[in-house]
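Annotated features in Swiss-Prot:
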- 360: active site, proton acceptor (ACT_SITE)
- 8-11, 22, 73, 78-79, 100-102, 137, 151, 166, 224, 330, 348, 363, 374: UDP-N-acetyl-alpha-D-glucosamine binding site (BINDING)
- 102, 224: Mg(2+) binding site (BINDING)
- 377, 383, 384, 402, 420, 437: acetyl-CoA binding site (BINDING)
- 1-226: region 'Pyrophosphorylase' (REGION)
- 227-247: region 'Linker' (REGION)
- 248-453: region 'N-acetyltransferase' (REGION)
């Protein structure tokens with residue numbers, strides 16, 4: 001179906017007590033407005049118009065890559081006025097979906113139902129029934145059909161008893177919407193142009209108004225303060241955790257798991273508590289993720305174990321690998337397979353070959369390490385001279401002793417052995433043994449100092 005979307009995002013968000021525009025506050029690591037934009041894009045919106053006001057420069061910087069038309073609402077004169085700012089860009093013969101940048105959990109399924117439910121020439125609007133509707137506009141029906149929406153401040157005592165409320169989300173044809181917007185008046189307690197008044201205008205024209213309920217009521221909850229944002233964050237994470245559990249992923253405690261991107265898992269994946277997933281993460285079969293790990297834009301292949309408190313970003317972990325605890329794999333790190341990096345090891349733009357291991361206290365940067373290599377504790381690839389980065393190449397079956405500095409650019413040939421405490425600043429041939437430390441000396445008769453009285 002062809003439709004365009006208008007997203008209202010001009011509010012200041014006073015109750016957030018922040019210099020950040022309200023719709024840029026993040027939920028699951030993504031600005032609230034982007035959640036709504038992505039949902040519209042996934043549904044195939046032909047155009048997305050974003051109506052902004054406060055913090056416009058910041059919004060355009062943060063959302064610079066989004067497929068939206070920017071519509072300025074210089075004065076905040078109500079929701080009807082906000083939509084009217086975008087009217088010149090709305091096609092007469094296209095459905096127009098009106099959404100809100102601070103209602104981030106609205107789903108594609110709910111919006112599809114709403115678009116499908118729109119009567120010919122009429123309006124479809126999203127409503128919910130609340131036990132406590134205080135503060136919301138009430139849905140006024142007459143013998144069944146919706147005839148009007150009355151805002152809380154303008155409602156009579158009888159109307160305040162109504163429990164069906166307006167969410168603000170609606171769809172109408174572009175031509176009709178523009179005509180109705182032109183008839184709005186600001187004769188109300190707020191002195192604003194209410195978008196909701198078009199319901200009564202449409203009814204007076206004999207147009208049908210259809211009310212639709214969301215798939216899940218949490219979808220239409222908005223955010224005005226940090227308490228509400230935190231509540232939606234937990235609701236979102238609970239939904240993501242439930243989906244993963246249904247797919248066979250074992251989350252040891254679903255309430256202590258955060259998904260801030262997309263996660264693809266194989267079978268028999270186990271994720272311990274307080275794990276954070278960001279960006280696009282792919283996990284193979286029979287993988288264990290330990291407590292406190294952070295995974296971002298990475299791939300972990302079958303039968304690998306990520307031990308607690310490891311951080312993996314932009315890296316690839318091959319099959320049958322062990323990582324951690326307390327390992328950091330930075331962008332460009334690759335463990336080929338059956339390899340091991342242990343506690344306090346950091347890798348960046350480096351490849352660790354099959355069967356190789358760096359078990360302790362090591363930095364590997366811009367390094368290409370072959371198969372079956374042992375990297376001793378305290379080894380550092382010195383890849384940076386203050387201006388440029390240089391590469392370290394280590395062949396297969398090399399043994400690097402503890403506390404070794406490899407000053408790049410440098411090559412270590414296959415089967416070479418480097419003794420502990422070495423500083424290597426030249427290439428080492430295949431099979432060579434290199435020892436750079438001075439011989440140990442013994443001082444006979446030496447005595448420790450005695451504290452003077």
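Note: Cβ is positioned from N, Cα and C throughout, glycine not excepted.
Shown here: features listed in Swiss-Prot, placed on the structure.
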{"residue": "8", "record": "UDP-N-acetyl-alpha-D-glucosamine binding site", "Cβ contacts under 8 Å, 6 or more apart": "51, 79, 82, 83, 98, 99, 100, 101"}
{"residue": "11", "record": "UDP-N-acetyl-alpha-D-glucosamine binding site", "Cβ contacts under 8 Å, 6 or more apart": "22, 23, 53, 54, 76, 102"}
{"residue": "78", "record": "UDP-N-acetyl-alpha-D-glucosamine binding site", "Cβ contacts under 8 Å, 6 or more apart": "186, 190, 192, 193, 194, 195"}
{"residue": "224", "record": "Mg(2+) binding site", "Cβ contacts under 8 Å, 6 or more apart": "13, 15, 16, 22, 102"}
{"residue": "330", "record": "UDP-N-acetyl-alpha-D-glucosamine binding site", "Cβ contacts under 8 Å, 6 or more apart": "313, 314, 315, 346, 347, 348, 349"}
{"residue": "360", "record": "active site, proton acceptor", "Cβ contacts under 8 Å, 6 or more apart": "342, 343, 344, 345, 377, 378"}
{"residue": "374", "record": "UDP-N-acetyl-alpha-D-glucosamine binding site", "Cβ contacts under 8 Å, 6 or more apart": "356, 357, 398, 399, 400"}
{"residue": "384", "record": "acetyl-CoA binding site", "Cβ contacts under 8 Å, 6 or more apart": "365, 390"}
{"residue": "402", "record": "acetyl-CoA binding site", "Cβ contacts under 8 Å, 6 or more apart": "376, 377, 378, 379, 420, 421"}
| Out of 377, 420, which has the highest number of nearby Cβ atoms, where nearby means within 10 Å of its Cβ, if these are the binding-site residues? | 377
| How big is the gap, in Å, between the Cα of residue 437 (acetyl-CoA binding site) and that of residue 151 (UDP-N-acetyl-alpha-D-glucosamine binding site), rounded to a whole number? | 82
| message | Please report the distance from the Cα of residue 151 (UDP-N-acetyl-alpha-D-glucosamine binding site) to the Cα of residue 383 (acetyl-CoA binding site), rounded to the nearest angstrom. | response | 65
| task | Mind telling me which of the binding-site residues 102, 151 has the densest Cβ neighbourhood, counting other Cβ atoms within 10 Å? | result | 102
| request: Can you check how the pLDDT averages out over the region 'Pyrophosphorylase' (1-226)? | output: 95
| message | Are there any residues at least 6 positions away along the chain from residue 383 (acetyl-CoA binding site) with a Cβ closer than 8 Å to its Cβ? List them or say none. | response | 365, 366, 367, 389, 390, 391, 392, 408
| request: Would you mind checking how many other C-beta atoms are within 10 angstroms of the C-beta on residue 101 (UDP-N-acetyl-alpha-D-glucosamine binding site)? | output: 28
| message | Is it possible to get the count of other C-beta atoms within 10 angstroms of the C-beta of residue 437 (acetyl-CoA binding site)? | response | 12
